[in-house]
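Novice: Supplied in structure tokens, the structure appears directly below.
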């Protein structure tokens, strides 16, 4: 049937088999953990896997959770439109993992909390904890709705399956294994699904390279089309993507995800030791690099194929986010099962993210909104956790309807995460890094940061930045079999009367929404604290960062001890062999003094 205008190809039986198999295995993992007697009797077992997980599965789960269909479908289109500059996000990942593992992970792991927002009550007050919890719930439900809608749209375009039927099936399967199996089911399903995501992306890359005559052809086409515009050091914050916006903005954005977001923190605090938790983050870094490189290269493949006939301008697809499914049908339809594998990859990204979100939403609701106010047994809390998973699954399905009204997937997703995640990151950072922080400063900072982030984000939605800031690259149609279409960039101008703020404040790169919120919270918080006299408040032990938490400090102590032992041994040997030198005694005294410091 004609599922995408201009491309008449049917979805083969084997495509349905591959796709259905992915769903069945995902649901089967949940059923296995529900009925295998593997400890779902308490809420801790259900929500944090009994704190017995190891590094590798947790690392793969961390990667799968936020590398969703947004990555599989949205990132290649980003590269197709704007060039490969987005690959610089790999630098941001390095900084994010370093900050998350050294500053946030030690605090949360040491406290042994279920919800990250428990920390806010310990450090500030109950009001701030509730505020943080509600913000997280709103952010996660909005983001998850977008994540459900994106692959359902792709599936609809590829197979003709009813769009909302696809949305429902995504939500139902996901809610099923999340409700039945808890965190262990979510983690092990993520491990399976990250493999499917890689397989889908690699299928596109391998076939593209074979058809185009090698990687060099794709790189050459991309260079000629201006797609290899990676090293842009323009400091202008209004420019959509530059080295600075992606590395600085991306670091803040992804730290708000991996450092404090319940869905991610819940995974690494489920590890059986601090070492496993830190290793999970560093192994996850390698996975993030691999997925980012694959998705960016898919974007270059997309351009190499359609450099002379852009399917969107030619009206062969109705939205840019449909370009990847279009390419898959174009180059892989003669291999039964492979288009199904790609759709399974997009779907896997969705299932992994939605299940993480549902599990995290259940955790914060139980830990922050139910357990403190209702006296329930562990058995009752376990059942309440399952009920919350079911409830939030239904809510996220409903939010997919709102997501259908949003624009480009990647930017919409990052904007949602940045607007709420940035101020929350600032709130946690204020408490962890500044012992003087108090409840009044934290609350004033959070409200200010959130208001500022929302203001610029809403303004950017009403008055989109001009093309000179976003700088979309040319897409041509001179080799298409039609006439009369203009270059797509011609339609980006709106006839709205633009106020003064539209071309400066509202044109701020969407990647800076997060840093704006974070810096505002910390700045306003410290100003309010200083106006109160800046007195040192009494902080419970373990709520702020200490030098003992830092890996390099531990490594320094180990090295210092080993050098001291070595010198002691050498001096002892030299004394007894009558080869003792005064400088060795001085060295020994120096190291003994260092050990006291």
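Just so you know, glycine gets a Cβ as well, placed from its N, Cα and C.
Please treat TrEMBL annotations as automatic predictions, because they have not gone through curation.
Straight out of TrEMBL:
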TRANSMEM  16-35  transmembrane segment
TRANSMEM  55-74  transmembrane segment
TRANSMEM  80-109  transmembrane segment
TRANSMEM  130-151  transmembrane segment
TRANSMEM  163-183  transmembrane segment
TRANSMEM  241-260  transmembrane segment
TRANSMEM  281-306  transmembrane segment
TRANSMEM  341-367  transmembrane segment
TRANSMEM  388-406  transmembrane segment
TRANSMEM  412-434  transmembrane segment
TRANSMEM  441-463  transmembrane segment
TRANSMEM  510-531  transmembrane segment
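Structural setting of the listed features?
Specialist: Proximity of distant same-chain residues to the transmembrane segment (130-151), defined by a Cβ-Cβ separation under 8 Å and at least 6 residues beyond the stretch ends, is recorded for 68-70, 72-74, 115, 117, 120, 166-167, 170-171, 261-263, 321, 343, 346-347, 349-350, 353-354, 357-358, 360-361, 364-365, 368-369, 392, 395-404, 406, 409, 412-413, 416-417, 419-421, 423-424, 427, 443, 446, 450.
Beyond the transmembrane segment (163-183), the same-chain residues lying 6 or more positions past its ends with a Cβ under 8 Å from any Cβ of the stretch are 23, 26-27, 29-34, 40, 45-49, 53, 148-149, 151-153, 155-156, 189, 266-267, 270, 347, 350-351, 354-355, 358-359, 385-386, 389-390, 393-394, 396-397, 400.
When Cβ-Cβ distances below 8 Å are used as the criterion, the transmembrane segment (341-367) is approached by residues 15, 18-19, 21-23, 26, 43, 47-48, 61, 64-73, 113-118, 133, 136-137, 140-141, 143-144, 147-148, 150-151, 154-155, 158-159, 170-171, 173-175, 177-178, 182-183, 186, 189-190, 192-194, 196-201, 203-204, 261-264, 266-267, 324-325, 328, 332, 381, 384-386, 388-389, 392-393, 396 of the same chain, each at least six residues removed from its ends.
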Novice: For the transmembrane segment (80-109) and the transmembrane segment (55-74), decide whether they are in contact, meaning at least 3 CB pairs lie under 8 A, counting pairs 6 or more apart in sequence.
Specialist: no
Novice: Sort out for me which stretch, of 241-260, 281-306, 412-434, 441-463, has the most Cβ pairs below 8 angstroms to the transmembrane segment (55-74).
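Specialist: Ranking 241-260, 281-306, 412-434, 441-463 by Cβ pairs under 8 Å to the transmembrane segment (55-74) puts 281-306 first.
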Novice: Excluding the flanking five residues on each side, which residues at least 6 beyond the ends of the transmembrane segment (441-463) place their CB within less than 8 Å of a CB in that stretch?
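Specialist: For the transmembrane segment (441-463), the sequence-distant neighbours (Cβ-Cβ under 8 Å, at least 6 residues beyond its ends) are 120, 123-125, 127-128, 131-132, 135, 415, 418-420, 422-424, 426-427, 430-431, 494, 496, 498-499, 501-502, 505-508, 510, 513-514, 516-518, 520-526, 528-529, 532.
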Novice: In the same chain, who gets a Cβ under 8 Å from the transmembrane segment (241-260) while lying at least 6 residues past its ends?
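Specialist: Same-chain residues near the transmembrane segment (241-260) but 6 or more away: 62, 66, 82, 85-86, 88-89, 91-93, 95-97, 99-100, 103-105, 116, 231-235, 281, 414, 417-418, 421-422, 424-425, 428, 509, 511-515, 518.
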